[in-house]
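Asks: First the structure, then my questions, so here it is.
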Amino acid sequence: MTTGVRARLNRIGTEGRYVMVPMDHGITLGAVDGLERIERTIDAVTRGGADCVLTQKGIAPRVHGNTNGAGYVVHLNGSTVSGPDTNDKRITGTVKEAIQLGADAVSMHINVGSVHEPKQIEDLARITENATEYGLPVLAMTYARGPDVDEHDAEALGHAVRLGEELGADIVKTAYSGDTESFERVVASTALPVVIAGGKPDSDRASLEAVRGAMDAGAAGVSMGRTIFQHDDPEAITRAVAGVVHEDLSAEEALQQAELMIEA
Ligand SMILES: CC(=O)[C@@H](O)[C@H](O)C[C@H](N)C(=O)O
Ligand SMILES: O=CC(=O)COP(=O)(O)O
């Protein structure tokens with residue numbers, strides 16, 4: 001690992017653990033709740049302890065000045081839910097553009113098992129080559145997604161994260177398999193730090209228990225979007241997630257510390 005990559009990983013994480021809040025969904029879903037006034041959301045989640053935020057390149061001017069010192073990741077591919085196939089992620093930016101926009105790292109989404117996988121494999125390999133040239137870390141968002149693919153199957157998720165490592169990524173993100181024991185197999189599939197996506201928002205307790213379960217399995221943190229940016233109190237939920245990731249709190253302790261409503 002080069003000095004530059006190591007230094008930049010420390011800008012988007014803390015001592016090898018990561019609370020990342022991706023907000024690239026504006027291309028996928030549109031200006032959904034939490035993204036319409038993205039400046040306020042970025043301010044809130046970084047006050048709550050997010051190590052970095054992640055957006056598409058066009059949002060960069062709305063990021064800087066609101067991060068409270070947190071890091072910034074530029075996402076380099078995307079699709080929409082209204083297009084012919086959401087799994088068909090196409091390149092939306094370059095490593096050079098990300099650097100010009102003040103990014104500390106870049107990310108790319110790959111759907112392992114989809115018909116678009118071959119092209120996305122080529123795209124990720126090219127992005128890691130370019131990123132290495134500039135000393136920029138790469139977060140590979142490696143999902144198990146496609147026809148007849150169980151998106152939470154541990155073997156499929158393990159294959160996805162290993163693919164990210166094989167193609168030169170520095171951190172891999174995937175869905176949580178649902179329990180610690182099966183996710184241990186996912187984490188064991190790669191030498192890279194593994195962070196989990198949040199998926200569709202659930203109750204605070206369920207979300208924090210998923211983070212706890214992933215950390216107990218050896219995960220390095222989260223890249224949680226909707227669970228955080230669509231929460232009624234993004235600062236508080238971020239504080240709770242950071243409590244689990246960085247302070248090894250239980251879900252219960254994290255809820256208490258963040259003063260989130262304790263469901264009956
Ligand atoms: C909206 C979703 O299903 C998320 O998992 C997205 O796939 C995340 C991804 N980075 C995207 O929005 O393209
Ligand atoms: O870029 C998106 C993610 O990394 C995960 O998003 P989610 O909303 O937590 O599924």
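Just so you know, glycine gets a Cβ as well, placed from its N, Cα and C.
What TrEMBL says about a protein is an automatic prediction, not a curated fact.
Grabbed the feature section from TrEMBL, which reads as follows:
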ACT_SITE  D24  active site, proton acceptor
ACT_SITE  Y143  active site, proton donor
ACT_SITE  K173  active site, schiff-base intermediate with dihydroxyacetone-P
ACT_SITE  K173  active site, schiff-base intermediate with substrate
BINDING   D24, H25, G26, I27, T28, Y143, A144, R145, G198, G199, G225, R226  1-deoxy-D-threo-hexo-2,5-diulose 6-phosphate binding site
Asks: With every protein chain in view, what's the tally of Cβ atoms within 10 Å of the Cβ of the residue listed as 'active site, proton donor', excluding that atom itself?
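Replies: The residue listed as 'active site, proton donor' is surrounded by 24 other Cβ atoms within 10 Å.
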Asks: Cα-Cα separation of G225 (1-deoxy-D-threo-hexo-2,5-diulose 6-phosphate binding site) and K173 (active site, schiff-base intermediate with dihydroxyacetone-P), in Å?
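Replies: Each residue's Cα considered, G225 (1-deoxy-D-threo-hexo-2,5-diulose 6-phosphate binding site) and K173 (active site, schiff-base intermediate with dihydroxyacetone-P) end up 12 Å apart.
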Asks: Mind giving me a neighbour count for K173 (active site, schiff-base intermediate with dihydroxyacetone-P)? Other Cβ atoms within 10 Å of its Cβ, every protein chain shown.
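Replies: The answer is 30 other Cβ atoms.
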Asks: Cβ under 6 Å from an atom of ligand 2: which of these recorded positions qualify? The list is D24, G26, T28, Y143, G198, G225.
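Replies: What lies within reach of ligand 2, judged by Cβ under 6 Å, is D24, G198, G225.
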Asks: Near ligand 1, which of the recorded positions D24, G26, T28, Y143, A144, G198 are found, taking a Cβ distance under 6 A to any of its atoms?
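Replies: Close enough to ligand 1 are D24, T28.
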Asks: When a 10 Å sphere is centred on the Cβ of G26 (1-deoxy-D-threo-hexo-2,5-diulose 6-phosphate binding site), how many other Cβ atoms does it contain?
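Replies: A 10 Å sphere around the Cβ of G26 (1-deoxy-D-threo-hexo-2,5-diulose 6-phosphate binding site) contains 18 other Cβ atoms.
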Asks: So if I draw a 10 Å sphere around the Cβ of G225 (1-deoxy-D-threo-hexo-2,5-diulose 6-phosphate binding site), how many other Cβ atoms end up inside it?
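Replies: That number is 24.
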